[in-house]
Amino acid sequence: MVAVHSTARGPALGGCRMWTYDDARAAVRDVLRLSRAMTFKAAVAGLPLGGGKGVIMLRPDEPPLSPERREAVLQDFGDTVEALGGDYLTAEDVGTGEPDMEVIAGRTSHVTGLATGSGDPSPWTAIGCEVAVRATLERVFGTGDPSGRRIAVIGLGSVGGRLAELLHEGGAELVVADVDQSKRELAERLGATWTDPLSAMTAEVDLVAPCALGGVLNDETVPALRCKAIAGAANNQLADDSLEAQIAERGILWAPDFVCNAGGIINICVELEPSGYDPARAETNVRVVGDSLRTIFDSAAATGTTPLTAALALGQERLRG
Ligand code: NAD
């Protein structure tokens with residue numbers, strides 16, 4: 001399934017998620033929710049893109065797809081994308097990768113993030129996240145320099161692992177966690193303290209960077225937080241939007257996830273420019289994440305609202321053009 005939430009600012013871009021759902025209703029709900037989030041992510045980042053999303057639904061009772069069946073499913077998805085005539089541009093997401101995009105590209109030209117284009121978005125998401133961490137530290141401590149700051153990174157995957165490296169290079173003292181024990185190696189290389197995900201989330205640190213799954217800010221973790229700020233890549237960090245007020249009441253600054261993790265989509269957008277993909281331009285553009293956050297923090301302070309409310313208002317304003 002493909003959801004096109006908005007084309008007000010340009011073609012609807014959003015990754016193709018291959019995931020297990022209990023039923024089609026749950027998958028439709030997810031694709032609609034995610035497509036709306038993409039509209040706001042692109043609008044707040046100031047990109048000439050709308051919001052869309054693709055979902056290939058796997059069934060819980062089904063054995064893993066054989067390579068032949070996976071290829072056939074991806075080709076069907078490619079036909080669906082092609083039928084939308086460019087209103088929707090696909091990309092990789094949870095459960096899909098570059099080789100899958102190559103298969104989809106056999107059926108439609110409306111595919112981004114191929115090795116011949118902007119490639120894997122994760123390193124760019126990590127750069128954008130590091131810029132977001134600096135902008136958030138700057139707001140709380142008056143300086144964005146991570147040197148000597150204690151920072152917890154949860155999830156050392158493609159984005160979190162690179163973010164941890166960048167923060168280590170910047171002189172931060174790291175506390176890290178991942179459910180995958182093989183990530184201990186990276187922790188050791190960075191001289192980081194290894195702990196479990198809940199302890200990292202509630203550690204006494206300057207900033208927590210959630211870079212694994214969504215829903216990590218919930219009724220259990222929010223009252224136990226001991227950090228001053230939160231800025232990370234994980235999508236949908238708030239289990240419920242109302243938790244943001246509780247976080248703010250506790251004097252903790254939360255940088256909206258969809259602003260922090262826009263680096264990947266900003267990088268993809270460079271490949272859609274008439275002059276084609278250029279990594280130097282991508283890096284310049286990704287660094288704009290810091291300016292977006294500063295605008296949002298300023299607006300929240302000026303209007304007495306939270307960063308999420310200010311970010312959504314900025315998105316609405318940009319959608320109106
Ligand atoms: P990834 O799969 O490469 O890494 C996720 C890491 O989190 C893995 O190492 C995994 O073992 C770990 N993990 C899973 N469950 C965990 C848990 N409960 N506690 C601690 N660690 C756990 O994914 P990624 O590409 O690095 O993406 C990370 C997050 O950032 C996701 O929420 C993703 O939606 C979001 N995001 C990624 C991009 C991108 O460009 N890759 C862009 C925007 C948003």
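Cβ coordinates are placed from backbone N, Cα and C, and glycine is handled just like the others.
Quantities reported herein were computed from a predicted structural model and do not represent experimental measurements.
Taken from TrEMBL, the feature active site, proton donor/acceptor covers Lys53. Around Lys53 (active site, proton donor/acceptor), the C-beta neighbours below 8 angstroms that are at least 6 residues distant in the chain are Val2, Ala3, His5, Gly14, Gly15, Cys16, Arg17, Val31, Leu34, Ser35, Met38, Asp93.
DSSP assigns Ser158 (NAD(+) binding site) to a helical segment in the three-state reduction. Residues or ranges marked as NAD(+) binding site by TrEMBL: Gly155, Leu156, Gly157, Ser158, Val159, Gly160.
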Cβ neighbour count (within 10 Å, all chains shown) around Gly160 (NAD(+) binding site): 28
Where the C-beta lies under 6 angstroms from ligand 1, the matching recorded positions among Lys53, Gly155, Gly157, Ser158: Gly155, Gly157, Ser158
DSSP three-state assignment (helix, strand or coil) for Lys53 (active site, proton donor/acceptor): strand
